[in-house]
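*Asks:* Feature table excerpt (TrEMBL):
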type	residues	note
TRANSMEM	9-26	transmembrane segment
TRANSMEM	102-123	transmembrane segment
BINDING	G196, P197, P198, G199, T200, G201, K202, T203	ATP binding site
BINDING	H418, H422, D494	Zn(2+) binding site
ACT_SITE	E419	active site
Amino acid sequence: MNSGIYKNLALWLVIALMMVLVFNLFNTNTQTNQKVTYTEFLDSVTKEQVKKVTIKENKITGEYKDNNTRFETYAPSDNNLISELRDYNVGIEATPPDTTPWYMQLLISWLPIILLIAIWIFFMRQMQGGSGSKAFSFGKSRAKLLNQDNLKVTFKDVAGIEEAKEELTEVVEFLKDPAKFQKLGGRIPKGVLLVGPPGTGKTLLAKAVAGEAGVPFYSISGSDFVEMFVGVGAARIRDLFEQGKKNAPCIIFMDEIDAVGRHRGAGLGGGHDEREQTLNALLVEMDGFDSNEGVILIAATNRPDVLDPALLRPGRFDRQVVVPRPDLKGRLQILKVHAAKIKMASSVDLEIIAKGTPGFSGADLANLMNESALLAARANKDEVDTSDIESAKDRVIMGAERRSMVIPEKDKKVTAFHEAGHTIVAIMTKGADPVHKVSIIPRGMALGVTMQLPSDDRYNETKDHLLGMIRVMLGGRIAEEVTFNSMSTGASNDIERLTSIARKMVMSWGMSDKLGTISFGKRDEAIFLGKEISSQKDYSEKTAELIDDEVEHIINTCYNEARKIIEDNRLLLAKTAEALLEKETIETSELKELVKEYAAEGYKDNMFSEKEQEEKEETKNENN
Ligand code: ADP
Ligand code: MG
Ligand code: ZN
């Protein structure tokens, strides 16, 4: 970034200036002249002690003969001086009077200080993070005003979160006609808090409320309040509410409110840090206005758990609207909204795509549609078809392919067996998510990917499913061990993830037989440093040992089961790896063929639907 260069430059300038100043200081110090009176000077001249003098107007500086020390004095207009000096053999030198005008002198002497101040202001601006003109408006709110004209978002653009929309309809009605509600003396909610995972459409929803009601919409992000100067955030809050009241009816939208609204008393800097002042100002302002004035506060967060309870009490953000990840129906509706923006082939069945994207948020789906349009454009197509959407999906889930990466043949082979290991365990584990695609094309940080997609939306993890996940993750490493009798670092991410799952099973989810349904340790992750330090281990050393034992037990059991699957299915493993090395990516249909042909006897796979399973059995019996 450019400003980085300027900052560096400014820093060096300051350092250089300092050095010059310091140097000058010492320089003049060493040359300090001894001050003498005119009489003393004349005496020294008559005693022939003076070597030479420099006369500048009426100031005389000179040097003694013996030790070269310098002196200075001021002369009255003495007409005999020159002849006297000549008599005693003193070297005479004269300099012209100073011709620098007074203002130049002033400038020169003040220049360094002016420069320093300029640089200081420059730095302050940088830290403010604002553009130039804002350098001195610290206390002004940063709220952006979106007027009706540029607010084209309405409820039509928000899909798949019907409940949340319904709750907000009431707010819209109030904003449209406040008088109707006030007639009966009802109190309108002051604040609505939108809670939900990132990308589910909280910001969009708030905009849609304003768009529907046709009122001004002030939007500000929580982080705009967090500044380096104590008190600035609080001043901004007050300014924001003032503006809001002036423009009522309107909506004040505070995005990412957790940046200011965190639990007080959890910071390291004692009770007086900037954030707390800001939060206090917010609480006070919220109490200080009456929603009947027509100002409605909407806030959004994805971390309601860290919010200060004072924010959530009645009279403040007393309405919480949950904005969840969309379910199948919701995803289909969101896809429809975004598909309308691109040119889509009529053959595309959005329902299938909605089925294949469980866990996607609204933003993910919007991104998916956009990516597929870009991919189709790159391929010079006229319309976006299903294959574009499929590759866009892979890209969104697994990251872009890194085809340019050159991988040695040996590593490729290890990766192929590793991924085949994951795949085979996933196929042979009951309840594990079906394998959607396996690939040894590097993507993102990974050398290969085994992509499983859940067959349904999942809201709750069962113990069996978690154990299955651990088994599948172990499969990669086991395949390497069984095939090459060696281990690689490629499994480090698998190992990290499976260990964390096993730990949570024991410590948070009460899924261990020995320890039972007790939660150990603080369940929520460290919110930020202050909280972690104050949280304590709420179990004994003995229990800690037991926890470790249980975690180990879970992983070992899974390891043995997965190892048995792989050892029994070595032929399938080899064939799958072979196919991977040849084609780089294999899909469900090809996997099915491999399983049909090479799976070991006595294993029940989860590749085929029940009907297909029966057909498979029948053909087998016929062949025998
Ligand atoms: P959040 O604020 O919850 O993190 P946003 O509202 O910023 O998410 O959503 C980002 C983008 O994702 C939106 O601009 C929109 O294009 C898309 N999006 C998210 N949710 C939905 C939805 N329910 N319906 C339509 N589009 C959505
Ligand atoms: Mg947002
Ligand atoms: Zn792996």
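In case you wondered, yes, glycine gets a Cβ from its N, Cα and C as well.
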*Asks:* Which one is it: of the binding-site residues T200, T203, which Cβ has the fewest other Cβ atoms within 10 Å in this structure?
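*Replies:* Selected from the binding-site residues T200, T203 on minimum Cβ neighbours within 10 Å: T203.
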*Asks:* Around the ATP site (G196, P197, P198, G199, T200, G201, K202, T203), what further same-chain residues have their C-beta within 8 angstroms of the site's C-beta centre?
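*Replies:* For the ATP site, the extra neighbours are L194, A300, N302, V323, S361, G362, A363.
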*Asks:* Taking the Cβ of P197 (ATP binding site) as the reference point, list residues of the same chain whose Cβ is under 8 angstroms away and which are at least six residues distant in sequence.
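*Replies:* Spatial neighbours, sequence-distant, of P197 (ATP binding site): N302, P324, R325, S361.
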*Asks:* Could you tell me which of these binding-site residues, G196, P198, G199, G201, has the fewest other Cβ atoms within 10 Å of its Cβ?
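*Replies:* Ranked by other Cβ atoms within 10 Å, the binding-site residues G196, P198, G199, G201 bottom out at P198.
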*Asks:* Output the one of E419, D494 that, of all these recorded positions, has the highest number of other Cβ atoms within 10 Å of its Cβ.
*Replies:* E419
*Asks:* Among the recorded positions G196, G199, T200, G201, E419, name every one whose Cβ is found under 6 angstroms from ligand 2, counting any of its atoms.
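*Replies:* Checked recorded positions vs ligand 2; nothing flagged, none.
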*Asks:* Look up T203 (ATP binding site) in the DSSP assignment and report helix, strand or coil.
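*Replies:* DSSP assigns T203 (ATP binding site) to helix.
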*Asks:* Select, from P197, P198, G199, T200, K202, D494, each of the binding-site residues with a Cβ positioned under 6 A from at least one atom of ligand 3; if none does, say none.
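*Replies:* Correct list: D494.
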*Asks:* For ligand 1, which among the recorded positions P197, G201, K202, T203, E419, H422 have a CB under 6 Å from it?
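*Replies:* The ones that qualify, in sequence order, are G201, K202, T203.
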*Asks:* Out of H418, E419, H422, D494, the recorded positions in the record, which is closest to T203 (ATP binding site) when you go by Cα distance?
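*Replies:* Closest recorded candidate to T203 (ATP binding site) by Cα: D494.
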